[in-house]
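Below: one structure, written as structure tokens.
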Amino acid sequence: MSTPRIKAAIIGSGNIGTDLMIKIMRTSRHLEMGAMVGIDPKSDGLARAARLNVPVTHEGIEGLRRLPNYAEIGVVFDATSAKAHLTNNALLQKDGKKVIDLTPAAVGPFTIPAINGDANLEEPNVNMVTCGGQATIPMVYAVKRAVKRLVYGEIVASISSKSAGPGTRANIDEFTETTSKAIEVLGGAERGKAVIILNPAEPPLIMRDTVFTLSQGGDREAIEASILEMAETVKTYVPGYRLKQKVQFEVIGDNAPVRIPGIGTASGLKTTILLEVEGAAHYLPAYAGNLDIMTSAALVTADRWAARRLAKEAA
């Protein structure tokens, strides 16, 4: 007897959507592909989906709603843009679909599996922050849980230019705004800042991330232990996630405090964390760790939701 699965649709046939489709077909425990949706009839993602016998449409959200199997689809991943998501989500909520938002729209609550895994599973829409956020905010949170006060968190995400499709490029401002907010909401920093760099180097370089925090009332050994534990947690769903170098510390004394917008001058312990994310190469090569961490986090979240729903239906 085959294991019951919930049908999933993906809106957005670009790099992220195509990588996610392959992950669902190869690794998902509780989902199966029900549709791939795009707006470019010549996109590689739609062509691949068609070759894999996945129902496709190049007519966007309205095309999805017209597909014969639309009623069977239980969860929809939106990998379009922040602006498009607002329209898509309104229609999907009206139709009673579970929505996993891979855009920076942040309509639903921020979700990072390593931090608040199951907390928002019953929400109709959950937001996966950004690729940079998925990679770095677990580290901000790791520092937060080991200190009394996390004054500041700043992340710099460097991704290969080749891995950034038109959707990513159109959402740069939303990326920084959403990631900065999530550093505060999920990471626990009083003030957050995010920077993204599209690296044009050839051959393409692997995703690299730097995390800076300023904390007070913490022990270096406890902070480092928390960081190492968090790295192992993320690695359970993103095997290519790792610390690039040993955690670095620097004391910022009262005699030379830093100025933080919205807070003022502050001193404490500066922690620097250097990360590397190697992709699983399901679609783009291994340098595209930014795709891998985003789609892996989304799939883990959806699989957990699906497992809960299937268990309820079987009860």
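From the backbone N, Cα and C atoms, a Cβ is placed for every residue, glycine too.
Source: prediction; values computed, not measured.
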According to Swiss-Prot, Ser13, Gly14, Asn15, Ile16, Ser163, Ala164, Gly165, Pro166, Gly167, Thr168, Arg169, Ala170, Asn171 bind NAD(+), and the residue from Asn255, Asn290 that belongs to that same site is Asn290
For Ser163 (NAD(+) binding site), just count the other CB atoms lying within 10 A of its CB, please. 26
Rounded to an integer, what is the Cα-Cα distance in Å between Cys131 (active site, acyl-thioester intermediate) and Ser13 (NAD(+) binding site)? 17
Once near-sequence residues are set aside, which residues in the chain of Ser13 (NAD(+) binding site), 6 or more away, have Cβ atoms under 8 Å from its Cβ? Met36, Val37, Gly38, Asp40, Ser43, Asp44, Gly45, Leu46, Ala49, Val56
